[in-house]
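Remarks on the structure that follows.
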């Protein structure tokens, strides 16, 4: 076995780069502003448990995930950091969240009442964050009156008003910040109105990564950031705002190398024809691993110094690359699909543009059957294979 797997393909996660990105973002904050690390969607494909453990070791103030299953995975792994559930919770699972000290996002009458009743029945404090819909039109209360009503319905010695928050729809839009400012003003109007009614929340937060980079005045009590931890900006236009290092390298080796003659067609649909004799390598990566099929005949993998163009259609489990121009290529040569562009490896931003996608989507789509290998100080710290562990 190699890297905890029976195949060479692996996603290598550099925890030292994660630390550097965390510190870079943290340096933007005043000492009073807390830091929430968003590690939903398996830490954007990087592995939530190991990422969560590492951030906890770095004394992060808060973690956040989307669904209760993700939160329970972290708690079951022994992660004790404050943890917010960002998405709606199923009402019948509220007691589970309370029992495991998982903070709950509240924005409906049903959930507000269930939180209070569950906490009182358990005789254990529930921690809640009231969500305000300031213009995303997804979830949240949309008026002063609604915010007051829900807050009053949760009032109990067993309910801790831990936070109130909103989410920006286009904070990365530097050309026209009007809507983001409107959202902020709407949110703060509700926050201040609640204070006038003697309803207070410990943490007021609204800044995602883009807002954290662009609007220091919106940092408030805490920022929430996910994508920057993993070395990417919410939009490529923000690259000059902070120097981040991609944390993941997705790499593999050739499973089979062959010579093909001029005129040979390759792959399903015979979409590629060799114009001359070629050296073709088959590698164990496919669209089931999160490799966009739209990259067929349009993209490449890299070695340290050379490109290996993808030829033919990307298959479910395999793809073929042209290695004719790579000197001394063999089964031990590392091929990189995702890496650091500053080292000459493919840019995930360009990949997303080419596939009419989004760099978040590509990262989150890296399949579970690819083992994750975690490095610290250039040594293997941990390995995780969801098929074998």
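Every residue, even glycine, has its Cβ placed from backbone N, Cα and C.
Feature annotation from TrEMBL assigns active site, proton acceptor to 40, 268. What TrEMBL lists as substrate binding site is 138, 316. Annotated domain 'Alanine racemase C-terminal' per TrEMBL: 247-375, in sequence order. According to TrEMBL, the feature N6-(pyridoxal phosphate)lysine maps to 40.
Projection of TrEMBL feature records onto the structure.
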{"residue": "40", "record": "active site, proton acceptor", "DSSP class": "helix"}
{"residue": "138", "record": "substrate binding site", "DSSP class": "coil"}
{"residue": "268", "record": "active site, proton acceptor", "DSSP class": "helix"}
{"residue": "316", "record": "substrate binding site", "DSSP class": "coil"}
Pairwise CA distance, residue 40 (active site, proton acceptor) versus residue 268 (active site, proton acceptor), rounded so that it is a whole Å: 35
DSSP-derived helix, strand and coil totals, residue by residue, for the domain 'Alanine racemase C-terminal' (247-375): 25 helix, 42 strand, 62 coil
Length of the line joining the Cα atoms of residue 138 (substrate binding site) and residue 268 (active site, proton acceptor), in Å: 41
Neighbour count (Cβ, 10 Å) for residue 40 (active site, proton acceptor): 19
Neighbourhood of residue 268 (active site, proton acceptor) by C-beta distance under 8 A, where only residues 6 or more apart in the same chain count: 312, 313, 315
Proximal but sequence-remote residues of the same chain as residue 316 (substrate binding site) (Cβ under 8 Å, at least 6 apart): 286, 287, 288
Cβ packing number for residue 138 (substrate binding site), 10 Å threshold: 12
